[in-house]
Each structure stands twice: as C-alpha cells, then as structure tokens.
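Below is one structure; the comments refer to it alone.
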Amino acid sequence: MKELIKKLTTTPSPSGREEKIKQTILEELQGYIDGYKIDKLGNLIVWKKGKKEGKILLDAHMDEIGVLATYIDDKGFIRIEPIGGVSPYNLLGSSILFPEIEGFVGVEGETSEEMAKNIKNLDFDKIFVDIGANSKEEAESLVPPGTFGVYSSSFRDLGNRVVSKAMDDRVGCAIIIEVFRRSTPIYDLYGSFSVQEEVGLVGASVVAFDIQPDVAIAVDVTAHSDTPKGLKRISLELGKGPAIKIKDSASISDRRIVEKLRCLAEKNQIPYQIEILLRGGTNAAVLQRTRAGIIAGTLSIPTRYVHSPHEMIDIRDVENAVRLFKIFVESEDSIKL
Amino acid sequence: MLLKELSNLCGVSGFEQEIRNFIKEKIKDKVDDIKEDKLGNLIAFKEGKNNKKLMLTAHMDEVGFIVSNIEEDGKISIIPLGSIDPRVVLGKKVVIGEKKVPGIIGSKPVHLMTGYEGISSFENIKVDIGVSKKQEAENKVKIGDFVSFAPNAMLHKDWISGKALDDRGGCSILIDLIEANIEPFYNTYFTFVIQEETGLRGSGVAANQIDPDYAIVIETTTSGDNPEFPEARRSSELGKGPVITPAHRGYVNDEKLFNFAIKVAQENNIPYQIKRRTAGGTDAARIAITTGTPSLVISIPSRYIHSPMCVANLQDYQNTFKLLSIIITKEVN
C-alpha cells in the first residue's frame, strides 16, 4: 500500500494536466478491471462487472493543486498563479517541479524590513520562481508561459504515518485501486478518477450523469484536529479510522450511506470516525445533484497540513478504508439503502 | 466590423433583446439554421465537413443596473447587474428602460468633500433623471427597468472605446466569422448567450442543446496594462494580440485546444499572448461542467472593462478574428 501511495503521490499531475497520473492509475489497475473509458474532459472511468444489476460508483480526484507559469522577466525569473488552493505561504522556502526543471521560490524585497513586510502580506505578486536561468530566452525554452508545475516534495515513510505532496487525493485513488484489486463486487463497480476537482469539482460534475449509479461515494482527504491549537470544534484524529462524512460546506451526505457504512464498520470491527467539516467540500456535492439526484456521500482520510507540500496521513486509516469498501461492495444490500 | 454599433446598443444582463434582434437580422440569411431558445440564447448553425460539433460562444449581455426603487424626490435607486466598481460610475450618463430615458448618476461635488471620500456601496448612489417628484419620475421610468450606461462608442485610428466592448467584441467577431462565409471544419454553432455577467447563466443551457465536442468562448478580457501595474502582473496588454487563457476560475482550459490555438497563431504569424491572471471565470467553466466539453477562451484584451468606457485596440480585434477564422477551418490536433 505504501509503495502504491508513493507511486501515485510522486507522479506530477496538477488540475487540467492529469495525463501522467491517468496512465499510472491505468497501469496499476491492469488485470483488475473489465473495462475503462476516458471521457471528453479527461476523467478516467473504470469498471468491474458484478453478478447483479446495479451500479456503485467510487470517485477520487486524480488532480493535485499546482501553479501556472504566467510571465518571465528579462532576467529569467518566473511569475506564477495558483491552480487550486495553493497558499503563497506554503511556497516560502519551497520549490516547484515543472516538467523540464525544478524552480525555487523567492520573495521580492531589498531590506529585511521590506522582506518582513512582504512576507506578512504575502501574495502571488510578491513571489517569483528561480530556475537558475541567465536570460529570458533560456527560461522561456524550459518553462514557457502556460506551463504547469507542482510542489516538489518526496515521499517519506515514518512508520504508521506517511508524508507527501498530493495525498489529496492520490490516497483516494490508491484506496479505489486497492478495492478493485481485492474485491469481488456484487453489483457493477465503477471507479472514477476525476479531473480538476481542485479548481471547482469540474470532472465529477459530468461523471455521474454518464454512469447513472445507484450509489456514489467520493473518497477524499479531510482535516484533522489533533495538532497543537488545531481545530477545536471537530474531532478527527490520524489513525483512528477513516471518517464517514456527515457534512461539509458543499454537501450533506445521504443518511442511508452514513448508516450503512457505520453499521458495516461496527459489525466488522473496523475503526471509523464521524466527520463534520466546517469548511471545504468534495466531489460528493456534484455527484449528488446529478440528473434527478443520486444517493451520495464521502469517506475521508484525516490528513494533516492539507494543501501543503507535506500532507501527512496514517496508513492504518487507508487500510481500514479499503477493508470497509471491500465489505460494502460485497454486500447484497449496498444499493438497496 | 459592427463593434461600434453593437457597443451602442443596450443589453444589460436579462435585457438582451435589442442585441439579439440586431444580430439575428444581420446573420439570419447567412447561416444554415438559426434559433432562439427559451432563455433567449441565439444559436446559429453552419454545416461543416465533419460531424463533430464546435460551439463558438460570445455573451450578448453587458454589466449595468436595474431600477430598484423610485424615491420621494424623484431620484432613482439602482442595483447593479454584474460586478461594477461603484467608484467608476459617479457622474456618468445612463439610459433607462426601453424608452431610453436619459439620466445622470449623481455624485457629491468635490467642494463638499474633505479629501477624496470613498463610497462603499450602491446604497448611496442615486440616478437623477431631471425631475423632482416621485410622480414625475414614475411617468418616465418604472421599477424593474434596466439602466444601461449611455451609448458612447468612439473609433479613432486603431482604437475603439465604448461601454459594452465586453462582450460585444466577441459578438462582433462571431458575426464577422459568419459574414466572411468561411466553410468551417466542424459543424459549427455560433452561440450568442445571455446573462454571463450575472453568473454564466445562459451558456450551460445552450451547451445542453448542442452537446458540443469542443467549445471556444470569445471574450473581451481585462488587460490591466495600466501604468500603475508592474508588467509582470498585468493580465494582458493592448496591441499584443489575442489573449489565450490557460486557466481561470472554475476551469483549467483544455490542454489540447490551448496548444492547438498557439500552434495556429505561430504557424500563421499572428501575435498572441498568454493570459497572466487566473482570476475571473467565463462561460468555458459552465460549458465544461454541463456537457463535459473541452473548452478554451480566446479574448480581445480591453482596458477598463465593467466601467462606462472600455478601450480596445483594433489590431487586436483583427488578429483575434484572423486567429479564429483559421482555427474554425481546421481539425483540432
């Protein structure tokens, strides 16, 4: 599982540029699916036939947040814009991986006073990326404006905890891949690895319309409350199990999915947590509102430092999410909620 | 080019009939089919060599206001339709309703100010139509009438200015593409949509009827090449050609279309620029999430958009037209 997560998180594929991760996921699913298709927006949809009529959809987004090179000055310094929720603060002292070269983030300013002022009010106007180029022409040949980049950060194994960029939402992709590998679904099982979630739930907006599933569950990362002076009004800890989402700011999970997952987890002694997220949303929001409405919910992996280059999860939560989904897709009444 | 005429018509979001009628009259005999849908989008069709469908979209509406109340002293209260900076409207001429009743957006004279007082909202702004009683005002305008910036377009050498270049520029280019009688590669839908400025409300419905394989949105976009902005942070610049958008709010533009547009520009020596800001969305985002259509935005750069006076460069207009006139004859690859 760690190897799979490592492979997925280190594959650079920001929103709108998901080609590489799509190929990686397809390779990992070789031999475990009955078919796949890529729709017009680039969503990868895979399936495995069941014995009975009915469709379950598990969705994870395959894009990650990133940056877009927009302008190169005469000395070859690159200006960037965020793609998805990248905070300029997370870029301080950090580096960016462009397809051809790595770049290092600098802040404008002459005196330490000016630097401190810029850092205090940091925005994308005050930072630039240095790829070590000596001229505009050199920089343009490596990173022409319109080039996308991602955080440059390696995968680290701390035992139960693992850290990487793009856990959001490659960990969801890993879970779905493992569910396909390990389960014999009763009903047709669909997996969607959707594009451009980070810029506005774009890919998933059209996926459920196409598949028309009976039940759809998004698998994504969520917040945590177990770091110093962290979120105080919610309860989400790493290692205490996958989180069954009740609500976030974009959707309220269908009650029937919440109860079904909770019931299966308890019956099979799989640890789980209940998630009530104050801010943020998942693809469940758009899956739910497709056609005449779809029974939809989210299963989440508690994650520290979301949208930073170092997103930390607990591998046991991932294993337990796979166990729970395996039981779910192998259960007779999974679509008769 | 009908941009000057188009800019002088009034088509505030939700009140696009004048624009729609004008465009329909100009193009109806030059396309294979034309229809107006229930929301008021105008969809014209030209057959291509290939059965795949290309949707070209420009929005007919412009930012403006609606009459929300008529006060006892005959002054008119207004609510903006679309995003408008209240600071840029003070003292400007408007026309109200189908009868185009002229009015002036009131402002405080500098003599009564201490320093430059800012105003924070449209609550403090009233339109003066030259009456002093509610009754008199009610004879001229009614609640619910549109309020449009007054027609003011000017052409001067390579420059054009006007209240509604956003997005009559796109409308004008679509009309020019039809007028030029180019045989398109794909079955092509020239789509003039409503209510973009109030939240991309027309284009999704239009896309649902067409179910296009590709969509190109032709916009008039922020340049931001004002002297006070550093060059690096300008969104685009006048005189540097059509603006091709890599990503904006709610949608990363389709990679294949993006690269294709750049390739066509390079091969034909058409100047172009990559948009440097990702703020602000267009109908491309709506079309993508509605029919899952790969979409791209190509724009004419313009200064001071969403104000009573936008400024654009006609070379940019011509180059945007030229780029699109070649794109529509080609297979996307």
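Just so it is clear, glycine is given a Cβ too, placed from its N, Cα and C backbone atoms.
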Cross-ref TrEMBL: Zn(2+) 2 site B:D166, B:H306; candidate in list B:E123, B:E136, B:E197, B:E267 matching that site is B:E197
Among B:E18, B:E117, B:E219, the candidate listed by TrEMBL alongside B:H59, B:D166 for Zn(2+) 1 is B:E219
B:E196 (active site, proton acceptor) to B:H306 (Zn(2+) 2 binding site), Cα to Cα, whole Å, comes out at 13
In all the protein chains shown, the tally of other Cβ atoms within 10 Å of the Cβ of B:E197 (Zn(2+) 2 binding site) is 23
Counting only residues at least 6 beyond its ends, the same-chain positions whose CB falls under 8 A of a CB in the region 'Disordered' (B:221-240) are 166, 271-273, 275-277, 280, 297, 299-303, 305, 311-313, 315-316
Fewest neighbouring Cβ atoms within 10 Å among the binding-site residues B:H59, B:H306 goes to B:H306
The correct DSSP tally for the region 'Disordered' (B:221-240) reads 3 helix, 2 strand, 15 coil
In all the protein chains shown, the tally of other Cβ atoms within 10 Å of the Cβ of B:E196 (active site, proton acceptor) is 28
